[in-house]
Structures are given as C-alpha cells and as structure tokens.
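These notes concern the structure reproduced below.
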Ligand code: PRF
Ligand code: ZN
C-alpha cells in the first residue's frame with residue numbers, strides 16, 4: 001500500500017450503507033463531500049458567471065484539459081496566471097485529463113503505448129497527449145485536482161480489447177504519478193491538530209476503467225490502490241449502460257480502494273444515479289445534465305421534473321420550485337420563465353441553470369446532513385419517489 005496521505009477527512013459514515021461525508025482540502029480551500037461539481041468545460045459553466053457559481057454554493061468546478069489545451073491554449077493560460085485568475089474563480093477546480101474528450105470529440109484518434117494522437121475538433125490540426133504532457137498541461141492550467149490520462153472504450157467493445165485498453169490505462173497512471181512526483185517533489189500536505197489539512201500544491205487522482213465487467217473493475221481498482229495518488233476517479237461509466245450495470249461496476253470497484261481517499265464518479269448524473277452511487281461509497285460527481293436540460297426548458301424541483309414549455313405554466317404565478325431558496329424561485333413566476341423560453345430569450349437559460357445547479361447542490365447539502373444524523377436511507381427514498 002502507498003504511504004501517501006490524502007487531504008481528505010471523513011466526518012461521518014452511514015450505518016446502513018457505504019455512504020460517508022467528509023471534507024477534501026485543496027490549495028483553494030475546502031470541498032465538502034458528497035459534492036456536485038458544475039461543469040466548466042471551457043473555463044465557463046454555460047450561461048453562468050463566477051458570481052452565480054458562488055451564489056449557488058459551488059465549491060469545486062470541473063474543467064477540461066482537452067478543451068483548454070486547444071483553446072485558449074495552456075501556454076496562454078500560464079501567461080494569464082492560470083485558470084483561476086483567468087476566470088476569476090477562487091475556489092477549487094478539478095481538471096479532466098482529456099481521455100474522454102479525445103475519445104468523444106476529436107477525429108482520428110490513434111493510441112500508441114506512448115500516448116494518443118488526435119485531430120482537433122476545431123480545425124483538424126494534429127496533436128499528441130502523453131501521460132506526462134497532460135500533467136504538464138494541468139500544471140499550466142493550475143487546477144487543484146489533476147487527473148491521469150486514461151483510455152476510454154465503448155462498453156460494446158470486445159473484452160480482449162477492453163483488457164488491452166485497461167493495461168494501457170494502468171501503465172499511463174504509473175507514468176503520470178511518476179511525473180507528478182517530478183513536478184511536485186515535496187508533498188506539501190500537512191495534517192493540523194484538528195484533523196484538517198493544509199495543502200500547498202495540486203493533488204493527483206488516478207482513473208479506474210474496466211467497463212461493466214466486475215473482474216476488470218477489481219483488477220483496475222487494486223492496481224490504482226497501489227499507486228501514489230490522492231484520490232480515485234471511476235471512469236468508463238454513464239456511457240450507455242443500465243443503472244444495474246453501473247451499480248454492479250461500482251460495487252466491484254469500491255471495496256478494493258482505501259477508505260481514506262476520495263472517490264469521484266466521472267460524468268454522473270441524475271439525482272437517482274447520484275444517490276445510488278453515494279450509497280455505494282462515491283464522494284464526488286459532475287454532470288452537464290442540470291445545465292443542458294435547463295437550456296431545453298427543463299427544471300429539477302423538489303416535486304420532480306418541471307418542463308417550462310408545458311402549456312400549464314403559461315399563466316402560472318407559482319415559482320419554479322416553492323421549496324427552493326434560490327433567487328430565481330424567490331423572484332420570478334413560471335409564467336415569466338415560460339415566456340422567456342418561448343421568446344428565445346437567453347436569460348431563460350441562465351435563470352433555469354441557476355435554479356437547477358442550486359437544486360443539486362442543495363440536495364447534496366441535505367445528503368451530507370442526513371449522513372451526519374443517520375437518516376440517509378430515508379432521504380434517499382424520499383428523493384427517489386419524486387424522480388421515478
Ligand atoms: N474518463 C475521463 N473523463 C471522463 C470519463 C472517463 O471515463 C467519463 C465517463 N463517464 C466522463 N468523463 N478521463
Ligand atoms: Zn430555485
């Protein structure tokens with residue numbers, strides 16, 4: 001087992017499941033878990049500003065090495081004082097290594113043992129990512145949590161190909177961790193008397209692949225548990241498998257990971273999926289879902305989904321969600337939001353996005369409180385009833 005300490009303090013565990021609540025410390029402060037991280041792919045959460053993100057209570061954003069490397073470019077970001085200074089965000093940022101985006105966006109992806117060749121989705125220009133170059137890019141971006149380059153395969157791939165891809169992901173994680181140590185020779189993490197941590201540098205998360213196969217997941221998790229990383233991403237899920245398959249893959253992964261390090265399920269999800277994963281021991285989540293559906297007129301509320309395009313809202317003087325504490329719900333009616341949407345006003349995207357992200361972040365606040373006072377199971381049941 002690795003000796004490396006993770007700046008993660010677990011505050012309480014649920015007695016009836018693997019759920020836990022804690023605090024991940026980064027060089028930009030505290031991230032309380034379970035956490036929902038809004039997605040700021042291109043140094044921006046779509047339709048929102050940094051002020052909105054502080055308002056809704058975001059503590060960590062997810063950004064993307066692939067996108068930022070291509071535009072504005074990692075050298076430009078370095079010159080501009082890093083991503084935090086660029087977008088004026090002073091809380092935590094996690095960067096995805098780009099393994100997923102190279103797979104889903106770029107053309108002509110070619111994987112060698114050394115790295116990935118790909119063509120930019122903007123102009124077709126040719127680029128190369130290696131486990132080491134991605135760490136260098138994340139250092140230039142200056143994010144708080146770096147992730148290792150991985151190979152993502154479709155779940156429909158043959159098992160032999162999945163096995164080969166996993167072998168590459170494992171090798172790349174070792175190389176990324178070795179390169180991290182070259183850039184960050186001193187760990188710069190100290191535990192204080194009260195159990196909190198002081199963190200002087202970015203930390204590193206490994207990515208666990210293995211598709212929906214329990215044996216591959218176990219192999220990947222055991223391997224990653226031996227690496228010098230501060231936390232774990234669970235990748236390769238939420239890519240079209242059933243909820244049952246996803247749950248099985250998570251169950252095959254978590255028992256092989258050390259308790260004291262955080263676990264992040266990449267690219268998930270809806271309230272139901274998030275609750276299922278929290279119950280199985282996952283701590284961190286990100287998803288474009290709340291902002292994507294907002295731009296399509298859909299809101300998540302304490303009573304379930306509300307589609308603002310629905311005729312029933314045209315003359316409604318009700319707020320979007322009467323149990324929500326956000327200023328959109330305090331100030332505007334469904335009738336107004338419905339009008340803005342129909343009129344194609346961009347403000348409707350912004351207002352519903354603010355509400356949806358606040359809704360998910362508040363749900364996480366309720367989950368953390370429920371884990372602390374032993375009522376997580378009840379809360380999960382209550383929320384799932386609304387979203388079935
Ligand atoms: N790998 C990386 N980023 C990701 C994923 C992955 O498997 C996923 C899968 N849902 C989302 N984002 N690097
Ligand atoms: Zn609201």
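In case you wondered, yes, glycine gets a Cβ from its N, Cα and C as well.
Note that this is a predicted model, so its numbers are computed, not measured.
TrEMBL lists region 'RNA binding' at one of the ranges 286-290, 291-295, 296-300, namely 291-295. Per TrEMBL, substrate is bound by 96, 97, 98, 99, 100, 150, 209; the candidate from 73, 124, 231, 236 named for the same site is 236. For the Zn(2+) site, TrEMBL lists 324, 326, 329; matching the candidates 313, 339, 349, 355 against that entry yields 355. Summarising the environment of residue 150 (substrate binding site), the number of other Cβ atoms within 10 Å of its Cβ, over all protein chains shown, is 31. Checked against ligand 1, the recorded positions 150, 286, 324, 355 give 150 as the ones with a Cβ under 6 Å from it, listed in sequence order. Taking 96, 99, 150, 286 as the candidate recorded positions, the subset whose CB lies under 6 angstroms from any atom of ligand 2 is empty. Fewest Cβ neighbours within 10 Å among the active-site residues 96, 286: this applies to 286. In this structure, residue 96 (active site, proton acceptor) is part of a beta strand by DSSP.
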